[in-house]
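Residues annotated as ATP binding site in Swiss-Prot: Pro78, Leu79, Ala80, Arg81, Gly82, Leu83, Gly84, Ser85, Ser86, Ser87, Ser88.
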Amino acid sequence: MRIIVPATSANIGPGFDSIGVALSKYLSIEVLEESTEWLVEHNLVNIPKDHTNLLIQTALHVKSDLAPHRLKMFSDIPLARGLGSSSSVIVAGIELANQLGNLALSQKEKLEIATRLEGHPDNVAPAIFGDLVISSIVKNDIKSLEVMFPDSSFIAFIPNYELKTSDSRNVLPQKLSYEDAVASSSVANVMVASLLKGDLVTAGWAIERDLFHERYRQPLVKEFGVIKQISTQNGAYATYLSGAGPTVMVLCSKEKEQPIVTELSKLCLDGQIQVLNIERKGVRVEKR
């Protein structure tokens, strides 16, 4: 049995802690034979291989008496880069418990568990459902809406340095002014409506007018300014910080994809430039 979970890009503009999209990088968990103790085989750096691995901790949180197994973990989702690496593991852990424990969890139940563990639904929701998911959590009441993201390209600049979510959150203010809150709310409304209509020009306008988080976090990602400038000059819809950063995401049409990649490559920035596609499916299980 193999469990596959996509990467995600969240905090899309003013969709702070609320809106995320599934993208074409993946965590894969191969479930092998039962064992006397949990073993997670992988080649990742500084990640436990025993029961303390987040994958196993999550699975045991869902069902504490699961029989230990030998597992193989593969992932091309970079760690601490704002592409949902921890969320993918949490979602995989929930699915691992669901499969080994024969729990028959609904998608809604998976989302509730994942949100409780992660603290917010913006990454875990698209990892579960796929595509674009708009979510809200108010006093533990979770609502989510799955919609189709308009056809487009996501060009990711993935820096060679990490930016921990905790560090990125520490630069955020404790409060927003009433004026900024109203402005951000209205911009978020326009962004959602334009995405639903397939109007990426207006959506891009709204994405770049977030007041919730990006203006505080941009100084932590020195490459952001020049990437936005070059991408805008070459016809991108929007440039935004993916998740808590440091990945910088450029949203553009398929036609503009290669010209933008070519121009960004000329900058010789300290990181990788990768074109990602929208993943329409969330977590899935392949039986052998």
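The backbone N, Cα and C atoms fix where each Cβ goes, glycine too.
Not measured: the values here are computed from a predicted model.
Around the Cβ of Ser86 (ATP binding site), the number of neighbouring Cβ atoms within 10 Å comes to 17. Apart from Pro78, Leu79, Ala80, Arg81, Gly82, Leu83, Gly84, Ser85, Ser86, Ser87, Ser88, the ATP site neighbourhood in this chain, defined by C-beta within 8 angstroms of the site C-beta centre, holds Ala7, Ile77, Gly243.
Ala80 (ATP binding site) is surrounded by 19 other CB atoms, counting those within 10 A of its CB over all protein chains shown. Taken residue by residue with DSSP, Gly82 (ATP binding site) is part of neither helix nor strand, so it is coil.
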